[in-house]
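Novice: As annotated by TrEMBL, transmembrane segment applies to C:6-24, C:36-54, C:74-97, C:109-127, C:163-187, C:207-230, C:242-261, C:281-300, C:307-328, C:334-355, C:375-395, C:456-474 (among others). Here TrEMBL flags C:131-418 as domain 'NADH:quinone oxidoreductase/Mrp antiporter transmembrane'.
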Amino acid sequence: MELVYAVCVGFMSTCGIFLMLRGHTFTLVIGLTLLSYAVNLFLFASGGLTIGAPAVLSSSENYADPLPQALVLTAIVIGFAMTAFAVILAMRGRADLGSDHVDGIEPFDPLAEDKS
Amino acid sequence: MHYFWVPFLPMFGIIVPLLANKLNRSACTLATALLPALALCLIFLDLPAVLAGESFSKSIEWIPQLGLSLSFRLDGLAALFSILILGIGLLVILYARYYLSEKDHIGRFYCYLIMFMTAMLGIVMSNNMLQLWFYWELTSISSFLLIGFWSHNSDARKGARMALTITGAGGLALLGGIILLGQVVGSYELDVVLNSGELVKQSPYYLAILSLFLIGAFTKSAQFPFHFWLPHAMAAPTPVSAYLHSATMVKAGIFLLARFYPVLAGTETWFVVVSLTGLFTMLLGAYTALFKHDLKGLLAYSTISHLGLIVLLLGLNTELAAIAAIFHIMNHAVFKASLFMAAGIIDHESGSRDMRKINGLWKYMPITATLAMVASASMAGVPLLNGFLSKEMFFTETLEQSILGSMSWLIPVLATIAAAFSVAYSLRFIHDVFFNGEPKGLTKTPHEPPRYMRVPVEILVAICLLVGIFPNYTIGPLLESASLAVFNHALPEYSLSIWHGFNFPLLMSGMATMGGVAIYLNRKHLFKFSGMFPDIDAKLVFEGCIQASVAWAQKITMKLENGSLQRYAFCLCFFALLLIAPPLFDLDTTRGSLPGTPINGAVLVAAILIIAGSLATIIWSHYRLIALLMLSLVGLVVSITFAYFSAPDLALTQLSVEIVTVILLLLALYFFPQQTPTSKSRPSHFVRDLTVASFIGCIIGSICFALMTHPLDSISAFFLANAKTGGGGTNVVNVILVDFRGFDTFGEITVLGIAALGIHKLIARMRLSVRTKDYAGRLWAKDKYPVLLSVVSQSLLPLFLLISAYIFMRGHNLPGGGFIAGLITSIALIQQYLAHGVDWMAKRVSVNYHYMIAIGLTIAGLTGLGSWIFDRPFLTSWFEYVSLPWIGKFELASALVFDIGVYFTVIGATLLILASLGKLTTTERLTVGER
Amino acid sequence: MSLFDHLVIFPVLIPFFVAVALLFPGLSNSLSKQRVVSITANILMVVVAFSLLFKVEAQGIQVYALGDWSAPFGIVLVADLFSVLMVCLSAILGLAVTMYASAGEDKTGAFFHTLIMFQLMGINGAFLTGDAFNLFVFFEVLLIASYSLMIHGGGKQRTQANIHYVFLNLIGSSLFLFALGTLYGTLGTLNFADMADRIPLLSSNELLIAKSGALLLLAVFGLKAAMLPLHFWLPKAYSTTSTPVAALFAIMTKVGIYSIWRVHGVIFGDQAGELANIALPWLWPIALLTIAIGAIAVLASKSLRVLCSNLVIVSVGTLLVTISLNTVQATSAGIYYLLHSTIACAAMFLLAGLIQQQRGQAEDRFVAARAMPQAGVLGFIFALLAIALIGMPPLSGFVGKALILQSVTNASEAMWVFPIILVGGLIALIALSRAGTSLFWRTNGENTSALKGHPLQYLAIGLLVVILPLMVIFGGPVSDYTQLAAEQLKAGLSLQQLNEVAK
């Protein structure tokens with residue numbers, strides 16, 4: 001199980017980072033969201049995985065590590081704030097710069113250049 | 001003990017001219033001269049003791065960490081230099097009053113001048129090396145200001161910059177040397193340093209120290225190869241050239257050599273390097289001076305040559321050389337200053353400095369001419385003048401030294417040649433300017449200057465004669481004590497008389513004089529000869545170098561900062577990869593001791609969904625809507641995962657955040673092109689990014705795995721133990737959020753609030769073109785707000801609110817809490833927005849969402865403050881079980897109030913974001929068409 | 001527990017409450033009231049910061065256990081001399097910036113004063129907190145505030161620069177969380193002191209994992225500090241944003257430096273057993289490269305604000321050198337230099353604002369233009385700041401530089417540090433002298449149309465400039481403070497000591 005979990009986290013972060021390395025703001029925002037999922041799962045797992053033992057007292061004997069959960073909660077909220085800001089900033093960029101490329105202008109197309 | 005005040009008087013004097021500027025020029029001049037004059041008197045008060053061979057020093061702690069102390073000394077050398085600085089300084093002040101024209105800001109000029117005087121005094125009187133450096137740099141700065149005084153003229157600007165750059169560079173080198181020296185000796189106080197010469201010469205750092213010091217000295221004293229800045233410093237007003245660039249500042253380097261003579265001198269390296277540099281500079285200067293048509297140019301190069309002479313003397317390995325050097329320092333200062341002033345007068349009264357134009361001034365300004373001729377005779381080393389004496393001593397020493405072993409005879413020969421040239425250019429100065437026919441094409445007819453403008457020259461020339469004729473009575477004692485300070489031990493025997501009988505030095509002088517005359521007579525051929533060489537303008541070369549390096553720097557910077565975020569982001573990721581990877585390579589296995597929990601179908605499905613979803617997001621990242629859907633699928637699975645691994649709070653939060661995020665992204669997508677233009681980034685980049693991303697992914701995955709399988713003794717046990725007793729809640733996660741780590745939550749809602757404000761800021765000025773058609777070119781649906789939706793959502797609203805209230809209340813003990821409740825409420829409200837539109841809502845809901853954020857934050861903050869009343873730190877929680885009739889026993893907790901704060905902030909922020917975004921869709925509909 | 005005992009948290013709470021108060025109806029719709037309030041608040045902050053400084057000097061390190069939960073379970077604020085010095089610095093900057101902005105630049109967008117306050121709250125929190133995750137939270141506070149402040153006033157360039165800044169930092173934040181997860185997963189705690197205690201107890205495997213976590217933090221802080229190769233965002237961001245914001249940002253890079261100092265210089269410092277000084281092998285070359293590249297960029301700069309931004313990078317490199325020298329003396333020198341360079345750079349940014357507004361079309365670019373109406377006073381201030389930034393006497397720059405050079409004792413290090421720092425200084429000298437001559441001396445005609453600087457603006461600049469000579473005149477006491485701060489920092493703080501202090 002841990003293995004599967006780890007694989008998922010790794011894969012998600014790969015996709016997230018890859019998308020964050022792309023050139024268009026909206027893609028970056030999607031990548032950011034994906035990456036933050038990965039981050040949250042990672043942070044969550046840092047206390048180990050527990051099944052069927054939520055950290056609500058007197059519901060069972062052994063409890064899941066509550067601290068990472070609290071941290072993840074905070075992380076989620078902050079992540080939400082950041083994502084929201086990022087997406088609006090992306091819109092602002094498109095409004096001001098007329099393009100949704102991160103550098104404000106579409107880079108020249110090397111392939112097109114080859115054709116010419 | 002008056003000397004300690006000497007450096008301070010001029011320091012206070014710096015502001016005087018600025019204050020006195022209001023008065024007329026003469027009054028301003030007097031006021032300026034006052035404090036330096038006073039300082040000079042103080043020196044004279046202490047002089048007798050100094051001449052008796054005493055040396056005072058006094059120091060006050062300043063920055064002990066640095067070893068910098070306010071520390072001054074007065075010994076022969078210091079006294080000699082301070083007298084030169086203050087004496088000539090006073091004369092220059094007087095001279096400048098007549099030299100500067102009405103439109104020059106004389107107050108500012110004097111201010112800079114006195115600033116320089118202060119710095120110079122500081123150098124010569126410092127008893128602490130760092131303090132010496134402190135003043136050393138000040139001279140560079142003030143000379144920059146003085147050279148650039150006529151800032152409107154480009155030569156002045158360039159010359160000033162060049163001087164500053166060269167001397168500044170030297171200064172930095174000197175700092176390095178001083179700090180090394182201080183580390184070797186263990187102190188920066190000169191008293192200590194000067195007496196530890198042996199220690200220094202033994203130390204491995206000696207060469208480094210020596211070279212750094214020499215760079216410092218040579219740049220300042222315009223020694224080859226750093227000599228080129230001096231001629232261009234002549235763009236300064238002539239009083240400045242007279243003062244800084246002949247008498248004093250350029251002597252600072254020589255002073256440095258003299259001051260540290262006991263510490264650094266006496267080794268083979270010193271003798272060879274110093275003497276040869278001096279020799280070469282002397283020859284170069286003397287030769288070049290002859291061909292300069294500009295009066296000041298000639299004097300500048302002759303200054304270079306004389307400085308070279310002095311440096312050469314300091315580099316000779318004979319006992320008397322240093323004494324001769326000091327003697328020549330004084331003499332040169334005197335006659336060169338007077339010559340510059342004379343040149344200034346000529347320039348001032350004839351309107352030109354070009355020796356091809358100004359000829360035969362004898363009949364226009366006989367007195368000035370006489371003075372100038374005496375001075376230049378002294379420069380040429382004619383008997384009965386001070387120049388002659390030091391030159392004789394110089395010749396004697398060149399004969400005594402043995403630096404170049406068997407080839408040592410070269411030095412006296414070359415010395416004689418240089419002397420011959422100096423005779424030649426002195427002759428030219430006299431003959432070209434005052435005789436040699438009539439002036440050609442002068443703008444005005446030359447005439448004698450105002451009476452007092454000539455006084456400084458007269459005084460200096462008088463000194464030339466007095467010293468020249470009665471050396472022993474005039475300068476003898478001072479020279480002796482100064483040399484004593486340099487040697488730092490008993491002086492060898494030497495005599496200061498005009499006549500030493502017929503001997504080699506006399507012969508050399510004779511040859512030099514005759515040679516000089518010969519050279520001058522045949523100057524035509526020489527001019528032709530030198531004319532064959534292209535004359536290089538050091539200024540242009542220097543500027544060229546700077547320009548080139550700037551261009552080079554710009555090329556590099558352009559290459560690095562190419563303005564592509566993708567490049568920067570890659571750098572970040574790659575750098576992170578480099579940092580985290582290596583430790584894991586040393587790790588033999590990531591699997592820890594814990595037994596793995598068995599895999600089951602549900603998890604597998606979830607995993608597959610996540611992977612597939614992420615993959616799809618990437619693959620279809622160009623079709624943004626689809627990518628978004630895929631993303632939300634992943635998000636959903638993630639929240640399920642949380643639920644599965646016993647984190648109900650997380651699941652709930654993730655879910656609600658998920659919903660809000662997706663709504664937000666959908667709204668945003670409305671303003672974006674539906675598709676990303678097919679990637680124009682090079683395939684190589686694609687591969688590059690994919691590689692680094694997957695490496696990081698692998699590493700994160702393995703770390704994650706390792707963490708899950710390693711046993712962990714964490715602080716969590718405490719939370720489980722104290723949640724109920726100390727936090728009054730059974731939902732430990734929530735208790736941590738609002739109590740144990742409430743401060744995090746406090747910061748977190750702040751972040752949310754700020755984000756909302758920032759977004760409002762972003763949207764406020766946003767002008768977006770809104771598309772009227774969707775990507776397939778279909779018009780948007782006519783009915784803006786589908787009836788069904790509006791009805792349903794409206795009826796759902798109360799239910800939602802009820803749920804959120806419930807979620808909120810139970811939060812402390814069961815999964816839930818302010819944040820989730822807040823999100824649910826806001827979702828409900830957003831739904832109203834979606835269903836009825838912004839305007840409809842605006843009519844009904846008249847809350848300003850900033851206020852709501854503010855209220856939320858205030859509640860949270862005040863709850864925190866509340867604990868102060870009970871003498872507890874910020875955010876200390878309080879809870880009590882109260883029982884009311886009918887309702888029964890229930891809990892009141894401050895944490896709950898805090899959670900209310902969270903609740904409001906969340907609603908305020910979320911709605912501020914979405915509502916203001918929503919507004920765009922309506923108010924901006926006017927603008928039509930894709931951009 | 002008197003009000004005085006809560007002093008430690010004031011630097012975080014005052015800006016918070018003021019910021020919130022500025023949102024309420026009474027204030028939010030009257031800029032003049034906002035100005036009065038926030039300037040007063042900033043003055044109060046300065047007072048609080050300095051009284052905290054004296055308190056710490058008198059009574060030693062102060063610990064404030066939030067929610068009355070002792071470390072490592074609760075979050076604690078730790079005020080030692082270093083952190084308090086930084087708080088003082090931010091308070092002074094805050095005051096200057098607010099005064100400058102109150103002359104009019106706060107008009108050009110919403111919520112300016114609120115955001116500045118939140119920014120200060122984040123910065124102070126980051127300086128004071130003794131908890132790793134809380135540090136993350138405050139990083140986010142100051143980041144989100146800075147995101148919003150950077151686009152204050154609007155404009156294409158700002159949006160453009162902001163996009164780069166924001167997205168890079170978003171990646172940075174994610175990495176931060178990965179690192180925190182890793183550290184918590186191995187050490188099982190978040191409190192700095194507790195971490196330091198637990199590191200030696202780790203098993204060999206956990207050590208390696210913790211190591212990569214710690215090194216990942218270096219990347220995160222490095223991004224904030226703008227060290228090579230993560231510095232690319234800085235010049236554009238700082239040179240395009242509005243003047244007061246740029247000036248305030250002068251301290252942002254220092255937050256990164258500060259965190260590196262705390263985490264890699266102390267927690268993973270000499271006492272960390274197996275993991276002692278893991279960051280040094282990286283920091284050493286990076287520091288020197290940062291200076292070198294920064295200096296080249298300084299030479300290449302075409303406008304004053306860009307030049308100043310690159311000087312910030314050089315100063316970051318210099319500070320990294322002092323960190324990697326890893327001695328008390330070097331640390332002390334570093335702290336002194338930090339105070340000096342932050343103030344000098346901030347002042348230069350403010351000055352650049354005035355110059356730009358008085359030179360019309362030419363703005364602050366190094367081209368010939370009409371003379372500025374107030375060229376005299378501006379030129380004077382420029383000269384002072386240039387001297388300070390180059391590191392020439394009589395201003396504080398030379399003390400910092402000399403202290404740093406002195407702290408380099410062994411030859412192999414000196415061989416690298418001496419030339420690079422000295423040549424760096426020379427380049428700064430060349431660049432700034434060229435800048436000065438072309439800004440103030442290469443003029444044609446008088447520019448009468450340009451608006452003169454507002455007294456408040458001069459007051460703000462003056463406030464900062466005055467500090468530079470004072471740091472020399474009172475160099476003795478100041479360097480004693482930095483020395484003490486360095487000793488406290490390097491000594492480290494075990495959990496036990498922490499809790500004793502807390503009592």
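Glycine too: its Cβ is placed from the backbone N, Cα and C atoms.
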Novice: So, do the transmembrane segment (C:207-230) and the transmembrane segment (C:281-300) meet, by the test of 3 or more Cβ pairs under 8 Å (sequence gap 6 or more)?
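Specialist: Counting Cβ pairs under 8 Å, at least 3, so yes.
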Novice: Which bits of the chain, at least 6 residues beyond where the transmembrane segment (C:281-300) starts or stops, bring a Cβ under 8 A of a Cβ in it?
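Specialist: Cβ under 8 Å, 6 or more out: 215, 218, 222, 227-228, 231, 235, 260, 264, 307, 310-311, 313-314, 316-318, 320-321, 323-324, 416-417, 420-421, 423-424, 427-428, 430-431.
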Novice: Near the transmembrane segment (C:36-54), which same-chain residues lie under 8 Å Cβ to Cβ, leaving out any that are not at least 6 residues past its ends?
Specialist: 7-8, 10-11, 14-15, 18, 21-22, 27, 62, 79, 81, 84-85, 87-88, 90-92, 94-95, 98-99, 102, 113, 116-117, 120
Novice: Using a Cβ distance cut-off of under 8 Å, indicate which of C:74-97, C:163-187, C:242-261, C:375-395 has the most pairs with the transmembrane segment (C:334-355).
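Specialist: Looking only at C:74-97, C:163-187, C:242-261, C:375-395, the most contacts with the transmembrane segment (C:334-355) come from C:242-261.
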Novice: Taking a Cβ cut-off under 8 Å, which residues six or more beyond the ends of the transmembrane segment (C:375-395) line up next to it in the same chain?
Specialist: 311, 340-341, 344-345, 347-348, 351, 354-355, 358, 401, 425, 428-429, 432-433, 435-436, 439-440, 443, 453, 458, 461, 465, 468-469, 471-472
Novice: Against the transmembrane segment (C:456-474), which of these stretches has the most C-beta pairs under 8 Å: C:6-24, C:74-97, C:163-187?
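Specialist: The stretch with the most contacts is C:74-97.
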Novice: Mind checking which residues reach the transmembrane segment (C:242-261)? Cβ under 8 Å, same chain, six or more beyond either end.
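Specialist: Beyond its ends, the transmembrane segment (C:242-261) has Cβ neighbours at 82-83, 86, 89-90, 93-94, 96-98, 100-101, 105-106, 108, 116, 119, 123, 126-127, 135, 139, 142, 146, 149-150, 152-153, 158, 217-218, 221-227, 234, 279, 283, 305, 308-309, 312, 316, 319-320, 323, 331, 334, 338, 342, 345-347, 349-350, 352-353, 356, 489.
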Novice: Mind checking which residues of the chain, 6+ beyond the ends of the transmembrane segment (C:6-24), have their Cβ under 8 Å from one of its Cβ atoms?
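Specialist: The answer is 34, 37-38, 41, 44-45, 48-49, 51-52, 55, 62-64, 66, 77, 79, 87, 90-91, 94, 111, 113-115, 117-118, 120-121, 124-125, 127-128.
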